[in-house]
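The block underneath contains the structure these notes are about, expressed in C-alpha coordinates.
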Amino acid sequence: MSTQSNQSGPAERDGTGDSAAQPAEHKPAVRAASDPREVASLFMTRMNMINGKKDELSMAMNGMFDLTRQLIRNYAEQQLAIENLRRRVKTLEAAVPGQPLRPCSSQQPRHSRSPRTSRWSAMKPLLSELRPMMGAIAAFSFVINLLFLVPAFFTLQVFDRVISTNSSDTLLVLLAGTAVALLILMFLDYVRTRLQNVVGNLVDERLSPPVVNAIVVRAARSSSAARIDGIRDVASLRAMFSANGLIAVFDAPWVVIYVLVIWMFHPYLGIGAALSALLMLGLAWLNDRLSRGALEHLQKEGRRASQYVESSLRNAEVLQALGMTHRLLARWRTLQNKVAALQTSASRSTATFTVATKTVRQAIQILMLALGAYLVLTQQASPAS
(Lines of atoms letter the chains of each structure in order from A and count residues from 1; the text may use other names and numbers.)
(Lines give C-alpha, C1' and ligand atoms only; values in the text may rest on other atoms or scores of the structure.)
Protein backbone atom coordinates (compact mmCIF):
# COMPACT_ATOMS: atom_id res chain seq x y z
CA MET A 1 0.00 0.00 0.00
CA SER A 2 2.88 2.28 0.62
CA THR A 3 4.12 1.50 -2.83
CA GLN A 4 0.76 2.43 -4.33
CA SER A 5 0.66 5.55 -2.29
CA ASN A 6 4.13 6.40 -3.32
CA GLN A 7 3.23 5.74 -6.92
CA SER A 8 0.12 7.74 -6.72
CA GLY A 9 1.80 10.58 -5.00
CA PRO A 10 3.63 11.85 -8.02
CA ALA A 11 0.56 11.34 -10.14
CA GLU A 12 -1.50 13.33 -7.72
CA ARG A 13 1.18 15.86 -7.56
CA ASP A 14 1.27 15.91 -11.33
CA GLY A 15 -2.50 16.31 -11.41
CA THR A 16 -2.25 18.97 -8.81
CA GLY A 17 0.33 20.67 -10.83
CA ASP A 18 -1.85 20.45 -13.93
CA SER A 19 -4.87 21.84 -12.08
CA ALA A 20 -2.79 24.60 -10.70
CA ALA A 21 -1.49 25.35 -14.15
CA GLN A 22 -4.98 25.61 -15.68
CA PRO A 23 -6.20 28.43 -13.35
CA ALA A 24 -2.99 30.16 -14.06
CA GLU A 25 -3.88 30.16 -17.79
CA HIS A 26 -7.52 31.53 -17.18
CA LYS A 27 -6.52 33.91 -14.49
CA PRO A 28 -6.98 37.11 -16.59
CA ALA A 29 -10.63 36.16 -17.47
CA VAL A 30 -11.43 35.66 -13.81
CA ARG A 31 -9.98 39.03 -13.03
CA ALA A 32 -12.08 40.62 -15.84
CA ALA A 33 -15.30 39.05 -14.51
CA SER A 34 -14.47 40.04 -10.99
CA ASP A 35 -13.92 43.71 -11.95
CA PRO A 36 -16.83 45.72 -10.38
CA ARG A 37 -17.01 48.23 -13.20
CA GLU A 38 -17.28 45.63 -15.90
CA VAL A 39 -19.84 43.70 -13.86
CA ALA A 40 -21.94 46.84 -13.45
CA SER A 41 -21.62 47.63 -17.17
CA LEU A 42 -22.67 44.11 -18.09
CA PHE A 43 -25.58 44.32 -15.67
CA MET A 44 -26.75 47.63 -17.13
CA THR A 45 -26.49 46.24 -20.66
CA ARG A 46 -28.65 43.30 -19.67
CA MET A 47 -31.16 45.58 -17.98
CA ASN A 48 -31.35 47.84 -21.04
CA MET A 49 -32.02 44.85 -23.23
CA ILE A 50 -34.74 43.68 -20.85
CA ASN A 51 -36.31 47.16 -20.74
CA GLY A 52 -36.25 47.38 -24.54
CA LYS A 53 -37.99 44.04 -24.85
CA LYS A 54 -40.45 45.17 -22.20
CA ASP A 55 -41.25 48.38 -24.12
CA GLU A 56 -41.71 46.44 -27.35
CA LEU A 57 -44.00 44.00 -25.58
CA SER A 58 -45.97 46.88 -24.01
CA MET A 59 -46.38 48.60 -27.38
CA ALA A 60 -47.54 45.36 -28.95
CA MET A 61 -50.04 44.80 -26.15
CA ASN A 62 -51.35 48.38 -26.45
CA GLY A 63 -51.76 47.94 -30.19
CA MET A 64 -53.67 44.72 -29.64
CA PHE A 65 -55.88 46.40 -27.03
CA ASP A 66 -56.59 49.35 -29.35
CA LEU A 67 -57.43 47.03 -32.23
CA THR A 68 -59.70 44.95 -30.00
CA ARG A 69 -61.40 48.08 -28.66
CA GLN A 70 -61.95 49.39 -32.20
CA LEU A 71 -63.38 46.06 -33.33
CA ILE A 72 -65.74 45.99 -30.35
CA ARG A 73 -66.82 49.59 -31.02
CA ASN A 74 -67.47 48.86 -34.71
CA TYR A 75 -69.44 45.76 -33.80
CA ALA A 76 -71.50 47.71 -31.25
CA GLU A 77 -72.20 50.47 -33.79
CA GLN A 78 -73.29 47.91 -36.38
CA GLN A 79 -75.56 46.19 -33.88
CA LEU A 80 -77.03 49.54 -32.83
CA ALA A 81 -77.65 50.51 -36.46
CA ILE A 82 -79.32 47.17 -37.12
CA GLU A 83 -81.47 47.53 -34.00
CA ASN A 84 -82.50 51.07 -34.98
CA LEU A 85 -83.39 49.90 -38.47
CA ARG A 86 -85.49 47.05 -37.06
CA ARG A 87 -87.23 49.47 -34.69
CA ARG A 88 -88.03 51.83 -37.56
CA VAL A 89 -89.36 49.00 -39.68
CA LYS A 90 -91.60 47.87 -36.81
CA THR A 91 -92.80 51.46 -36.32
CA LEU A 92 -93.67 51.80 -39.99
CA GLU A 93 -95.44 48.44 -40.04
CA ALA A 94 -97.44 49.44 -36.96
CA ALA A 95 -98.31 52.81 -38.50
CA VAL A 96 -99.56 51.20 -41.72
CA PRO A 97 -101.43 48.05 -40.60
CA GLY A 98 -102.10 45.43 -43.21
CA GLN A 99 -99.41 46.78 -45.56
CA PRO A 100 -96.07 45.07 -44.92
CA LEU A 101 -92.96 46.84 -46.11
CA ARG A 102 -91.45 45.53 -49.33
CA PRO A 103 -87.96 46.08 -50.66
CA CYS A 104 -87.84 48.81 -53.25
CA SER A 105 -86.72 47.72 -56.68
CA SER A 106 -83.76 49.61 -58.14
CA GLN A 107 -85.30 49.57 -61.60
CA GLN A 108 -88.21 51.82 -62.35
CA PRO A 109 -91.04 50.54 -64.53
CA ARG A 110 -91.14 51.75 -68.08
CA HIS A 111 -94.52 53.42 -67.85
CA SER A 112 -94.05 54.99 -64.43
CA ARG A 113 -96.01 58.08 -63.58
CA SER A 114 -94.35 61.42 -63.07
CA PRO A 115 -93.49 62.43 -59.46
CA ARG A 116 -96.06 65.22 -59.54
CA THR A 117 -98.83 62.83 -60.64
CA SER A 118 -97.88 60.23 -58.03
CA ARG A 119 -97.79 62.84 -55.26
CA TRP A 120 -101.19 64.18 -56.29
CA SER A 121 -102.65 60.67 -56.33
CA ALA A 122 -101.16 60.05 -52.87
CA MET A 123 -102.79 63.25 -51.58
CA LYS A 124 -106.24 62.45 -52.97
CA PRO A 125 -107.32 60.14 -50.09
CA LEU A 126 -106.23 62.75 -47.54
CA LEU A 127 -108.09 65.52 -49.35
CA SER A 128 -111.23 63.38 -49.55
CA GLU A 129 -111.06 62.83 -45.78
CA LEU A 130 -110.42 66.50 -45.06
CA ARG A 131 -113.17 67.86 -47.33
CA PRO A 132 -116.14 67.25 -44.94
CA MET A 133 -114.30 68.67 -41.93
CA MET A 134 -113.06 71.68 -43.89
CA GLY A 135 -116.62 72.34 -45.01
CA ALA A 136 -117.81 72.20 -41.40
CA ILE A 137 -115.05 74.62 -40.34
CA ALA A 138 -116.03 76.99 -43.16
CA ALA A 139 -119.71 76.86 -42.08
CA PHE A 140 -118.81 77.52 -38.45
CA SER A 141 -116.57 80.42 -39.53
CA PHE A 142 -119.45 81.91 -41.52
CA VAL A 143 -121.81 81.84 -38.52
CA ILE A 144 -119.11 83.06 -36.12
CA ASN A 145 -118.26 86.05 -38.31
CA LEU A 146 -121.96 86.90 -38.55
CA LEU A 147 -122.24 86.79 -34.77
CA PHE A 148 -119.29 89.17 -34.48
CA LEU A 149 -121.63 91.84 -35.85
CA VAL A 150 -123.97 91.45 -32.86
CA PRO A 151 -122.12 93.93 -30.54
CA ALA A 152 -122.17 96.59 -33.28
CA PHE A 153 -125.91 96.17 -33.85
CA PHE A 154 -126.48 96.15 -30.07
CA THR A 155 -124.78 99.55 -29.83
CA LEU A 156 -126.85 100.82 -32.76
CA GLN A 157 -130.13 99.71 -31.17
CA VAL A 158 -129.20 101.17 -27.77
CA PHE A 159 -128.61 104.61 -29.24
CA ASP A 160 -131.58 104.50 -31.65
CA ARG A 161 -134.27 102.77 -29.55
CA VAL A 162 -133.34 102.60 -25.86
CA ILE A 163 -132.04 106.14 -25.31
CA SER A 164 -134.62 107.77 -27.57
CA THR A 165 -137.56 105.93 -25.94
CA ASN A 166 -136.22 105.55 -22.37
CA SER A 167 -137.47 101.95 -22.42
CA SER A 168 -135.84 99.60 -19.95
CA ASP A 169 -137.78 96.63 -21.33
CA THR A 170 -136.21 97.15 -24.74
CA LEU A 171 -132.78 97.27 -23.10
CA LEU A 172 -133.43 93.97 -21.27
CA VAL A 173 -134.58 92.28 -24.47
CA LEU A 174 -131.49 93.51 -26.30
CA LEU A 175 -129.25 92.31 -23.47
CA ALA A 176 -130.88 88.87 -23.46
CA GLY A 177 -130.58 88.50 -27.24
CA THR A 178 -126.97 89.64 -27.22
CA ALA A 179 -126.12 87.23 -24.38
CA VAL A 180 -127.66 84.29 -26.27
CA ALA A 181 -125.75 85.27 -29.42
CA LEU A 182 -122.47 85.48 -27.52
CA LEU A 183 -123.08 82.04 -25.93
CA ILE A 184 -123.70 80.56 -29.37
CA LEU A 185 -120.55 82.29 -30.60
CA MET A 186 -118.51 80.79 -27.77
CA PHE A 187 -119.88 77.28 -28.39
CA LEU A 188 -119.27 77.41 -32.15
CA ASP A 189 -115.75 78.74 -31.64
CA TYR A 190 -115.02 75.86 -29.27
CA VAL A 191 -116.35 73.28 -31.74
CA ARG A 192 -114.35 74.86 -34.56
CA THR A 193 -111.17 74.68 -32.48
CA ARG A 194 -111.77 70.99 -31.78
CA LEU A 195 -112.30 70.36 -35.48
CA GLN A 196 -109.02 72.13 -36.21
CA ASN A 197 -107.21 69.80 -33.81
CA VAL A 198 -108.80 66.78 -35.48
CA VAL A 199 -107.70 68.04 -38.90
CA GLY A 200 -104.14 68.62 -37.66
CA ASN A 201 -103.93 65.14 -36.13
CA LEU A 202 -105.34 63.58 -39.30
CA VAL A 203 -102.78 65.36 -41.46
CA ASP A 204 -99.97 64.19 -39.18
CA GLU A 205 -101.31 60.63 -39.08
CA ARG A 206 -101.61 60.36 -42.87
CA LEU A 207 -98.42 62.14 -43.91
CA SER A 208 -95.90 61.07 -41.25
CA PRO A 209 -95.60 57.35 -42.19
CA PRO A 210 -94.82 57.89 -45.90
CA VAL A 211 -92.45 60.74 -45.06
CA VAL A 212 -90.56 58.63 -42.51
CA ASN A 213 -90.53 55.72 -44.98
CA ALA A 214 -89.02 57.97 -47.65
CA ILE A 215 -86.37 59.20 -45.20
CA VAL A 216 -85.43 55.62 -44.26
CA VAL A 217 -85.24 54.55 -47.91
CA ARG A 218 -83.09 57.56 -48.81
CA ALA A 219 -80.80 56.94 -45.84
CA ALA A 220 -80.41 53.28 -46.85
CA ARG A 221 -79.53 54.17 -50.45
CA SER A 222 -77.02 56.92 -49.68
CA SER A 223 -74.14 57.01 -47.25
CA SER A 224 -74.76 60.62 -46.25
CA ALA A 225 -76.65 61.56 -43.11
CA ALA A 226 -80.41 61.38 -43.41
CA ARG A 227 -82.24 64.69 -43.46
CA ILE A 228 -85.31 64.95 -41.27
CA ASP A 229 -86.59 68.17 -42.80
CA GLY A 230 -89.64 66.29 -44.07
CA ILE A 231 -90.70 65.50 -40.51
CA ARG A 232 -90.35 69.18 -39.59
CA ASP A 233 -92.44 70.14 -42.62
CA VAL A 234 -95.19 67.75 -41.55
CA ALA A 235 -95.07 69.24 -38.04
CA SER A 236 -95.34 72.75 -39.50
CA LEU A 237 -98.29 71.69 -41.65
CA ARG A 238 -99.99 70.17 -38.63
CA ALA A 239 -99.41 73.37 -36.63
CA MET A 240 -100.86 75.42 -39.49
CA PHE A 241 -104.05 73.37 -39.54
CA SER A 242 -104.31 73.29 -35.74
CA ALA A 243 -103.52 76.98 -35.09
CA ASN A 244 -104.89 80.26 -36.41
CA GLY A 245 -103.47 79.86 -39.91
CA LEU A 246 -106.50 77.93 -41.14
CA ILE A 247 -108.91 80.36 -39.43
CA ALA A 248 -107.26 83.31 -41.17
CA VAL A 249 -108.03 81.72 -44.55
CA PHE A 250 -111.77 81.61 -43.78
CA ASP A 251 -111.87 85.00 -42.01
CA ALA A 252 -110.02 87.00 -44.68
CA PRO A 253 -113.00 87.33 -47.10
CA TRP A 254 -115.12 88.81 -44.31
CA VAL A 255 -113.07 92.00 -44.38
CA VAL A 256 -114.90 92.95 -47.57
CA ILE A 257 -118.27 92.14 -45.97
CA TYR A 258 -117.48 94.27 -42.92
CA VAL A 259 -116.46 97.18 -45.16
CA LEU A 260 -119.75 96.87 -47.06
CA VAL A 261 -121.71 96.88 -43.78
CA ILE A 262 -119.91 100.05 -42.68
CA TRP A 263 -120.60 101.54 -46.13
CA MET A 264 -124.31 101.01 -45.51
CA PHE A 265 -124.14 103.41 -42.55
CA HIS A 266 -122.38 106.11 -44.57
CA PRO A 267 -120.11 106.12 -47.65
CA TYR A 268 -117.45 108.19 -45.88
CA LEU A 269 -117.24 105.61 -43.11
CA GLY A 270 -116.98 102.86 -45.71
CA ILE A 271 -114.15 104.66 -47.50
CA GLY A 272 -112.34 105.15 -44.19
CA ALA A 273 -112.75 101.47 -43.31
CA ALA A 274 -111.48 100.39 -46.75
CA LEU A 275 -108.43 102.64 -46.51
CA SER A 276 -107.75 101.38 -43.00
CA ALA A 277 -107.93 97.75 -44.16
CA LEU A 278 -105.56 98.48 -47.05
CA LEU A 279 -103.15 100.22 -44.68
CA MET A 280 -103.12 97.28 -42.26
CA LEU A 281 -102.71 94.85 -45.15
CA GLY A 282 -99.77 96.88 -46.47
CA LEU A 283 -98.08 96.86 -43.07
CA ALA A 284 -98.50 93.09 -42.80
CA TRP A 285 -97.08 92.59 -46.31
CA LEU A 286 -94.12 94.88 -45.58
CA ASN A 287 -93.42 93.05 -42.33
CA ASP A 288 -93.44 89.70 -44.12
CA ARG A 289 -91.30 91.08 -46.93
CA LEU A 290 -88.60 92.44 -44.64
CA SER A 291 -88.54 89.64 -42.07
CA ARG A 292 -88.86 86.61 -44.36
CA GLY A 293 -85.19 86.55 -45.38
CA ALA A 294 -83.98 87.00 -41.81
CA LEU A 295 -86.30 84.26 -40.53
CA GLU A 296 -85.26 81.84 -43.28
CA HIS A 297 -81.59 82.54 -42.53
CA LEU A 298 -82.30 82.03 -38.83
CA GLN A 299 -83.97 78.68 -39.45
CA LYS A 300 -81.12 77.60 -41.73
CA GLU A 301 -78.48 78.42 -39.13
CA GLY A 302 -80.55 76.73 -36.42
CA ARG A 303 -80.77 73.54 -38.49
CA ARG A 304 -77.04 73.76 -39.16
CA ALA A 305 -76.24 73.94 -35.44
CA SER A 306 -78.58 71.02 -34.68
CA GLN A 307 -77.11 68.89 -37.47
CA TYR A 308 -73.59 69.64 -36.24
CA VAL A 309 -74.46 68.41 -32.75
CA GLU A 310 -76.25 65.33 -34.12
CA SER A 311 -73.30 64.38 -36.34
CA SER A 312 -70.87 64.92 -33.46
CA LEU A 313 -72.87 62.75 -31.08
CA ARG A 314 -72.47 59.80 -33.44
CA ASN A 315 -68.75 59.83 -32.61
CA ALA A 316 -69.11 60.80 -28.96
CA GLU A 317 -66.80 58.03 -27.70
CA VAL A 318 -64.01 59.02 -30.08
CA LEU A 319 -64.39 62.71 -29.21
CA GLN A 320 -64.27 61.95 -25.50
CA ALA A 321 -61.29 59.62 -25.87
CA LEU A 322 -59.31 62.18 -27.89
CA GLY A 323 -60.24 65.02 -25.55
CA MET A 324 -62.01 67.03 -28.25
CA THR A 325 -65.15 67.77 -26.24
CA HIS A 326 -64.07 71.35 -25.54
CA ARG A 327 -63.57 71.93 -29.27
CA LEU A 328 -67.06 70.58 -29.93
CA LEU A 329 -68.50 72.93 -27.32
CA ALA A 330 -66.56 75.89 -28.72
CA ARG A 331 -67.77 75.22 -32.27
CA TRP A 332 -71.35 74.71 -31.09
CA ARG A 333 -71.16 77.89 -29.00
CA THR A 334 -70.02 79.82 -32.08
CA LEU A 335 -72.97 78.53 -34.10
CA GLN A 336 -75.38 79.28 -31.26
CA ASN A 337 -74.04 82.82 -30.92
CA LYS A 338 -74.68 83.35 -34.61
CA VAL A 339 -78.21 81.99 -34.25
CA ALA A 340 -78.80 84.23 -31.21
CA ALA A 341 -77.58 87.30 -33.13
CA LEU A 342 -79.87 86.50 -36.06
CA GLN A 343 -82.80 85.89 -33.71
CA THR A 344 -82.18 89.21 -31.96
CA SER A 345 -82.12 91.04 -35.29
CA ALA A 346 -85.31 89.33 -36.50
CA SER A 347 -87.03 89.99 -33.16
CA ARG A 348 -86.18 93.69 -33.35
CA SER A 349 -87.65 93.96 -36.84
CA THR A 350 -90.78 92.05 -35.84
CA ALA A 351 -91.19 94.08 -32.64
CA THR A 352 -90.90 97.33 -34.60
CA PHE A 353 -93.67 96.33 -36.97
CA THR A 354 -95.81 94.99 -34.11
CA VAL A 355 -95.62 98.30 -32.26
CA ALA A 356 -96.29 100.20 -35.49
CA THR A 357 -99.32 98.02 -36.25
CA LYS A 358 -100.80 98.55 -32.79
CA THR A 359 -100.26 102.30 -33.01
CA VAL A 360 -101.83 102.50 -36.46
CA ARG A 361 -104.81 100.42 -35.28
CA GLN A 362 -105.46 102.75 -32.36
CA ALA A 363 -105.07 105.78 -34.62
CA ILE A 364 -107.57 104.28 -37.08
CA GLN A 365 -110.13 103.78 -34.31
CA ILE A 366 -109.74 107.37 -33.12
CA LEU A 367 -109.99 108.73 -36.67
CA MET A 368 -113.10 106.65 -37.39
CA LEU A 369 -114.74 107.95 -34.19
CA ALA A 370 -113.80 111.49 -35.12
CA LEU A 371 -115.23 111.00 -38.62
CA GLY A 372 -118.47 109.62 -37.16
CA ALA A 373 -118.74 112.56 -34.76
CA TYR A 374 -118.20 114.98 -37.63
CA LEU A 375 -120.96 113.30 -39.66
CA VAL A 376 -123.32 113.54 -36.66
CA LEU A 377 -122.48 117.21 -36.14
CA THR A 378 -123.16 117.96 -39.79
CA GLN A 379 -126.49 116.07 -39.65
CA GLN A 380 -125.26 113.48 -42.18
CA ALA A 381 -125.61 110.46 -39.87
CA SER A 382 -127.39 109.40 -36.70
CA PRO A 383 -125.53 109.17 -33.35
CA ALA A 384 -125.78 105.37 -33.39
CA SER A 385 -123.78 105.05 -36.59
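Each residue, glycine too, has its Cβ placed from N, Cα and C.
Because TrEMBL annotations are produced automatically, they should be read as predictions rather than curated entries.
Since this is a predicted model, take the numbers as computed values, not measurements.
Listed ranges 68-95, 96-123, 292-319; the one TrEMBL annotates as coiled coil is 68-95.
As a quick check, the transmembrane segment (133-159) and the transmembrane segment (241-262) clear the bar of 3 or more Cβ pairs under 8 A, pairs 6 or more apart, so the two touch.
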